[in-house]
Amino acid sequence: MVPGEENQLVPKEDVFWRCRQNIFDEMKKKFLQIENAAEEPRVLCIIQDTTNSKTVNERITLNLPASTPVRKLFEDVANKVGYINGTFDLVWGNGINTADMAPLDHTSDKSLLDANFEPGKKNFLHLTDKDGEQPQILLEDSSAGEDSVHDRFIGPLPREGSGGSTSDYVSQSYSYSSILNKSETGYVGLVNQAMTCYLNSLLQTLFMTPEFRNALYKWEFEESEEDPVTSIPYQLQRLFVLLQTSKKRAIETTDVTRSFGWDSSEAWQQHDVQELCRVMFDALEQKWKQTEQADLINELYQGKLKDYVRCLECGYEGWRIDTYLDIPLVIRPYGSSQAFASVEEALHAFIQPEILDGPNQYFCERCKKKCDARKGLRFLHFPYLLTLQLKRFDFDYTTMHRIKLNDRMTFPEELDMSTFIDVEDEKSPQTESCTDSGAENEGSCHSDQMSNDFSNDDGVDEGICLETNSGTEKISKSGLEKNSLIYELFSVMVHSGSAAGGHYYACIKSFSDEQWYSFNDQHVSRITQEDIKKTHGGSSGSRGYYSSAFASSTNAYMLIYRLKDPARNAKFLEVDEYPEHIKNLVQKERELEEQEKRQREIERNTCKIKLFCLHPTKQVMMENKLEVHKDKTLKEAVEMAYKMMDLEEVIPLDCCRLVKYDEFHDYLERSYEGEEDTPMGLLLGGVKSTYMFDLLLETRKPDQVFQSYKPGEVMVKVHVVDLKAESVAAPITVRAYLNQTVTEFKQLISKAIHLPAETMRIVLERCYNDLRLLSVSSKTLKAEGFFRSNKVFVESSETLDYQMAFADSHLWKLLDRHANTIRLFVLLPEQSPVSYSKRTAYQKAGGDSGNVDDDCERVKGPVGSLKSVEAILEESTEKLKSLSLQQQQDGDNGDSSKSTETSDFENIESPLNERDSSASVDNRELEQHIQTSDPENFQSEERSDSDVNNDRSTSSVDSDILSSSHSSDTLCNADNAQIPLANGLDSHSITSSRRTKANEGKKETWDTAEEDSGTDSEYDESGKSRGEMQYMYFKAEPYAADEGSGEGHKWLMVHVDKRITLAAFKQHLEPFVGVLSSHFKVFRVYASNQEFESVRLNETLSSFSDDNKITIRLGRALKKGEYRVKVYQLLVNEQEPCKFLLDAVFAKGMTVRQSKEELIPQLREQCGLELSIDRFRLRKKTWKNPGTVFLDYHIYEEDINISSNWEVFLEVLDGVEKMKSMSQLAVLSRRWKPSEMKLDPFQEVVLESSSVDELREKLSEISGIPLDDIEFAKGRGTFPCDISVLDIHQDLDWNPKVSTLNVWPLYICDDGAVIFYRDKTEELMELTDEQRNELMKKESSRLQKTGHRVTYSPRKEKALKIYLDGAPNKDLTQD
């Protein structure tokens, strides 16, 4: 407006007030809406995506106002999961059958409240396919890769400083979509294999360096010269191409680490990013030899500096030139409490010279004397890419732990390095080069580089301190024109955590758009300059030495600058500028990615379900996993299952079909008649991660027809019981309805098995040992307790047994025995040539020797010699085939409570139950013999049993094992002709693996004649409980075991009532073993082939289950108060000082001398040792260490504590026993001769007290060393305390300052301690390098053979290595 004019527009006063009032009204309306929204009830919606097997366990949570339209709910769900709206349905999931519910209308304007959503409650919804088609994924999300499917549900990551313990860095500009889709940033992340964050940050930095990426692209891989798997440059090339072209959110680095020669365990080793940088550059230089890129690392990253020393008297200067790839900057000077404030200050300190004076004076070549001198470093040349390492890890000598320095150190965005270059270097005439190591030492300029190997990622990220005041100053444009050493910061590698472990990520500036990005493994997000300032660490202001421990643990660790030189600064190659081989590689990777995408789509539409099949000929249930595309028809799926189960050569395809099956309940749910062309996705209810049912490939014979299984039917396995033959047949399957009555059910069974329904008795086994007679004809099956899968026993004989009470009937006894019978496989001992008298000669004096002859008669044959197992089996087989239950009852004087039931489905009965056999006694004779026997023989030894034996489990013998007759399913057609029916579970009892596992470990209980109170009165002398006499069922038959059981070994297959006691079980086995039960042992064999002896005679076999293996070993069983002891020979001067001799039996109250007397004949016969009783001793054995010497008058359990599986040393003496009293102390001494570099053999020294002076005197006596020259040390580790002769002279604690042996640091309080001693005047032998190496090899070989080398030491850090040949085992000699 021109000054002086008055044409300015001024509103009238009423218009102004009206406008202001309208604004106030609008604001008030908005506030009211907000207030109403806050008061409005909200609806919590929990949506489960059931369309994808990988997301079915994830849930999406939305908390919306109740007035929200339904269409808005669909929009929010679509945005949350990344689907196109309208391509999916939402149905109710609040326990409602979704098949009967119509999906919500995605176009409806109804509010959630009107659509029956409940405010204040959880409303569950299922996201399902729409019209059988899976939802369409948004293009952005489809490029995210497999792992993005999961990330749709994880929500935003915790913000920095929010109190979480995550070490992931998240910027202030963070948003959910910024890490989800590549399109937001244009960059791809790297997947962290385990602890490879340090690798990811370096790889992203190299990728974002134009000069390095362009040079890498120009290198061409020759596949004919090298394996692509082990080529590091090629794998880096592939990785960079994927980072540039992939549509995934993150890609794997496993191919790169595999080219390093790393295995999967290396991914769990956390290393230092600077260490990796050096090692990777070295590896690349080796791989790029004789190529255009041979000098690439040096051209980009290598600088030069001068290491000089100048004499302060004459000015003479000696120097050498070193090269460096990075400059290590100290955070805090040694001994100082203040850290450097900035990188510039640390750089000045780096080149600050030090004065060499006093004892550190420098010998000047010109002055020919020691003079004061100045020593320092000067930069001669800075690299194009300048790398600065901030040494944040230090060692605290107070706590003797490594620490991290979190002090604040600022760094500028632009760094002027011209002030640090040495411009006076070439002008000094008095200089002389000492060495030029530039070509040889291409490393750091300092040798105090710290290489940190983090093995435990237990660092805690305390967050970044929010104080951001910085001393950063940008260099002006005029400065850029004057200087050519202006460096621009473009990468900050950040460490978050502690010295013990942490997390690396990188903040990198893109030269394409000048924006900063955070590359945190697979997450890439845009950040600001303020986020970079937060990585300076600590907080401003002065602090104490330890104050940094309480500041931020997230700070910069490595900085990379690029020289600002327009002539050299490169840009990234565009796609059209790629070399031809890179274009081919891009095309190849795109094809692979498309193939992976197609494969993922196939996986996404593949139904994976368990498949079972009962093999038609082997009758074995097979299991597999059927993977079928949802669009495949049922007919095609049957063909796939048919081939999967390898039935092509067994049965025709048209004799197979798939049915719905519940393996847990062993139940056929339904068949699919007429649905052969229906897609599997529709039959199975869609693609799901898990299904609540399985599929069974059912087979039939060519002359059979398939039954129809309808939903709602229950499956019943019917076992036919024959009371006369005492057999239980294998099951046949019938299907019934729960609303049928018992009468109707009998008629149904009658048609199937052709038994009269009028006299039929049906017993339902609802669970183990729960038998229920269906006696009320009008009751329905549901009222009787039938479920989806049931088991019944049917009997229809015309005997009078049905008139008896069910609990007293023969039927109940037979079923009870059937339920409690288990099958065991018993390995009999090898027939030893040792006579029976020798076997029994090891009994304790005065035990039961008077009954030995009588006991021998029980197991002798007619000719007075022991029968072989084969003879017993053959004789028993012939004589006992026709033995019936009535004969057994007669033998038991008609006592029904003690009757032993028999059946015709076994071949062999225990000869103990045979009445007329001459091979054994009958039951009455057996009982009479047991009653007159020594009751001590059958008392249990509680402490000798393993805890494993306490683990109880229940299992019943399979019906197909116990049955001798088999029935086939038949139905009658209209013409009364029998039509055979195929049944998927015909003539086979399928035991569910899940059900079997569920029953494992459960303790079985059963009622006996008297309640078990745990007292001895409940057991008779034989070890059988008084209520157990009725549980005497035992059948045995020969069994052909697998090859490899050994000559002379025989197997028995035994069917036995598991309620029988171990004592009775052993008595039944006596005729087969050939010795009395007191002279053999029973070992239970577990899955790992471990054997544990069963010794508790009063316990039953309830802890055994079907098909358990038992090993019988000859040897006297333990009596009460006896213990089995393993005897080892102590050979102190042998290479293996511990040698097993034999197993012996020691008894409570026995003296040591008595046990030695019993050992003498056993040692002579079994070990060939002829010993006199006074020329060997017994002593305590603690693992491999010899302990207390047992004196002859010591009594077991009084003076010596003894336990099961006890071990003892037997030591042969050279002379008379010197140990006479427990007050004496026996130690093993060994002389070390340093002048000869060898150890003398052990010599025992017996001390009368624990005095050190007495020990010295004894050592002086046996060695001839003067008393004052004796030095001794206690051995370390287990006996014989082996140590290398190269280490013994300085590693042991020689000549401890103590007066007695039982104090620290010796603590010698028991016999068997090892004492090394030497002559202090004896000089150590001087070894040449050749002698030392030779001796080192010998000692290493010796110690490895003995296995006694003490190898304990704190865990050493594992050096980071890259193996150029891809084989780490070839690089073991490298440091």
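Numbers run from 1 along the shown chain.
Each residue, glycine too, has its Cβ placed from N, Cα and C.
Residues or ranges marked as active site, nucleophile in Swiss-Prot (evidence: sequence analysis): C197. Under the heading active site, proton acceptor, Swiss-Prot lists H503, citing sequence analysis as support. Among the features that Swiss-Prot reports, compositional bias 'Polar residues' is placed at 430-452, 929-938. The annotation compositional bias 'Low complexity' is assigned in Swiss-Prot to 882-899, 953-968. Swiss-Prot lists 912-928, 940-950, 997-1006 with the feature compositional bias 'Basic and acidic residues'. Positions annotated as compositional bias 'Acidic residues' by Swiss-Prot: 1007-1020. Marked as domain 'USP' by Swiss-Prot: 188-564. The annotation N6-acetyllysine is assigned in Swiss-Prot to K122 on the grounds of a large-scale study or a structure entry. What Swiss-Prot lists as phosphoserine is S832, S910, S933, S1013, S1017, and the listing cites a large-scale study or a structure entry. According to Swiss-Prot, the feature phosphothreonine maps to T1015. Residues or ranges marked as region 'Disordered' by Swiss-Prot: 425-452, 840-859, 880-968, 983-1024.
Locations of recorded Swiss-Prot features on the structure.
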{"residue": "K122", "record": "N6-acetyllysine", "DSSP class": "strand"}
{"residue": "C197", "record": "active site, nucleophile", "DSSP class": "helix"}
{"residue": "H503", "record": "active site, proton acceptor", "DSSP class": "strand"}
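Taking the Cα atom of each, C197 (active site, nucleophile) and the residue listed as 'N6-acetyllysine' are about 40 angstrom apart. Within the same chain, residues at least six positions away from the residue listed as 'N6-acetyllysine' with a Cβ under 8 Å of its Cβ are L44, I46. Over all protein chains present, the Cβ of C197 (active site, nucleophile) has 25 other Cβ atoms lying within 10 Å. Model confidence over the domain 'USP' (188-564) is summarised by a mean pLDDT of 78.
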